[in-house]
């Protein structure tokens, strides 16, 4: 990809304009990063250890948490290093690799949220057919399709960006190699590349979101038919956590990716990007643990088991 480019490395400007405040940001982002890792690892561990959580909904939550961990690993360690370092360069191939894996896990998350919406539709609207519609074989296939599709779309997007010629400058006004700030540095016509990337963005963001909206339309219609208020509350509570994550994730990602790179504004976009690269992965375990009684109970049981041997000693 680098044959037609004289740029061999990129300079990630990140938060360099903030001066000494970068040290404060380092502490804040490091704490958030550790919380993200510990929160998602806790969710994965609890789901794996508690047999009562061995259901399709929690299987997809486990896959989502795993993807969120790798999603943040691709971005945050390098960002934290750059906050303390004067050397903020990233080689041409490293930048392409970072973009590929970031987009791959990001699109995978979008598709997984769509599948999780379908799972809620099948559980609430088709309860008698649910064991067939969401068998373990089907769940595995859906998860595999999300991952493969996510990285295929990422491969297309990354190739379209880095097949362009980069003659200089090489300063990326962002804290990682994202599409808009990098493609703006190309010294060739980018219209066709951006159009194809936009179409990929529509497939990755709008199509799953429309699917989720349709699923929840059927879910609301079914829930309103439930005679008891307790039954309605319980049905809505199983969807609330998923809806919160969907709104934040799709809202921020759509704002950044479903528009031309010419409209990219570094300060505003960087703030929004922080939301979906840090806040969304942080939100996922917090929402599902704080709002979900099954997960809360499983965590309490796991803590109880670890305490019991200590008491017997």
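Backbone N, Cα and C atoms are what each Cβ position is placed from, and that goes for glycine too.
As written in TrEMBL, here are the features:
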TRANSMEM  23-46  transmembrane segment
DOMAIN    39-288  domain 'G-protein coupled receptors family 1 profile'
TRANSMEM  58-80  transmembrane segment
TRANSMEM  100-121  transmembrane segment
TRANSMEM  142-166  transmembrane segment
TRANSMEM  195-224  transmembrane segment
TRANSMEM  236-258  transmembrane segment
TRANSMEM  270-290  transmembrane segment
Could you tell me whether the transmembrane segment (23-46) and the transmembrane segment (100-121) have 3+ CB pairs under 8 A, leaving out pairs under 6 positions apart? no
Near the transmembrane segment (23-46), which residues from the same chain, at least 6 beyond its ends, have a CB less than 8 A from one of its CBs? 15, 53, 61-62, 65-66, 68-69, 72, 76-77, 79-80, 83-84, 278, 281-282, 284-286, 288-289, 295, 298-299, 302
Near the transmembrane segment (195-224), which residues from the same chain, at least 6 beyond its ends, have a CB less than 8 A from one of its CBs? 107, 110-111, 113-114, 117-118, 120-121, 124-125, 150, 153, 156-157, 160-161, 179, 183, 232, 235-236, 239, 243, 246, 250, 253-254, 257-258, 260
For the domain 'G-protein coupled receptors family 1 profile' (39-288), what's the model's average pLDDT? 87
